[in-house]
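**Student:** For reference, Swiss-Prot lists these features for the protein:
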type     : residues      : note
DISULFID : Cys57-Cys67   : disulfide bond
DISULFID : Cys140-Cys153 : disulfide bond
MOD_RES  : Phe8          : N-methylphenylalanine
TRANSMEM : 8-28          : transmembrane segment
Amino acid sequence: MKSLQKGFTLIELMIVVAIIGILAAIAIPQYQNYIARSQVSRVMSETGQMRTAIETCVLDGKEAGECFIGWTGSNLLDGDFTAGTESTAAATGQAGITIKYPVAADDEGNIVATFGRNAAAAIKPQTLTWSRSKEGTWTCATTVEAKFQPTGCKDK
């Protein structure tokens with residue numbers, strides 16, 4: 001009488017475990033890169049929304065203290081709130097955000113976001129900066145590695 005094999009042998013199970021290990025070794029770093037890229041894109045979008053409020057305030061002739069930015073805090077930013085260095089800062093109440101408020105329509109300004117402890121390890125403590133030219137155009141620049149930079153945000 002022949003006995004029928006039921007189940008898997010130890011060798012077959014070890015091969016499956018090895019294959020899963022190889023796939024995990026490839027997938028986990030790629031997933032971490034994806035997370036870092038998505039976090040940079042998220043902060044770019046969140047801080048980019050402040051441009052409209054700042055531009056509206058500047059064109060309406062409001063000072064930084066009179067202007068409500070309407071910022072929703074981000075858990076990806078960290079650090080102490082720092083006032084802008086060359087002109088009055090618009091208070092966002094968010095640590096990790098620095099705003100150099102343009103005092104006139106033909107003045108320069110910027111929004112600087114510093115990635116904090118909740119951000120992916122590959123992007124902290126890097127920065128993302130929106131800069132306003134004297135002509136009123138905004139450009140994005142960042143200090144994160146090129147592989148994490150979203151479209152429209154170049155090296156700083």
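Every residue gets a Cβ built from N, Cα and C, even glycine.
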**Student:** CA-CA, which of the disulfide-bonded residues Cys57, Cys140, Cys153 lies nearest Phe8 (N-methylphenylalanine)?
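**Tutor:** Checked the disulfide-bonded residues Cys57, Cys140, Cys153; minimum Cα distance to Phe8 (N-methylphenylalanine) goes to Cys153.
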**Student:** How long is the line from the C-alpha of Cys140 (disulfide bond) to the C-alpha of Cys57 (disulfide bond), rounded to the nearest angstrom?
**Tutor:** 20
**Student:** If you measure Cys67 (disulfide bond) to Cys153 (disulfide bond) at Cα, how many Å is it?
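**Tutor:** Counting only the Cα atoms, the answer is 26 Å.
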**Student:** Taking the Cβ of Cys153 (disulfide bond) as the centre, how many other Cβ atoms fall within a 10 Å radius?
**Tutor:** 21
**Student:** Can you count the other CB atoms that lie within 10 A of the CB of Cys140 (disulfide bond)?
**Tutor:** 20
**Student:** Please report how many Å separate the Cα atom of Cys153 (disulfide bond) from that of Cys57 (disulfide bond), as a whole number.
**Tutor:** 24
**Student:** Using a 10 Å radius around its CB, how many other CB atoms surround Cys57 (disulfide bond)?
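**Tutor:** There are 19 of them.
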**Student:** For Cys57 (disulfide bond), what is the secondary structure state per DSSP, taken as helix, strand or coil?
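**Tutor:** In three-state terms, Cys57 (disulfide bond) counts as helix.
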**Student:** According to DSSP, collapsed to three classes, what secondary structure does the residue listed as 'N-methylphenylalanine' have?
**Tutor:** coil
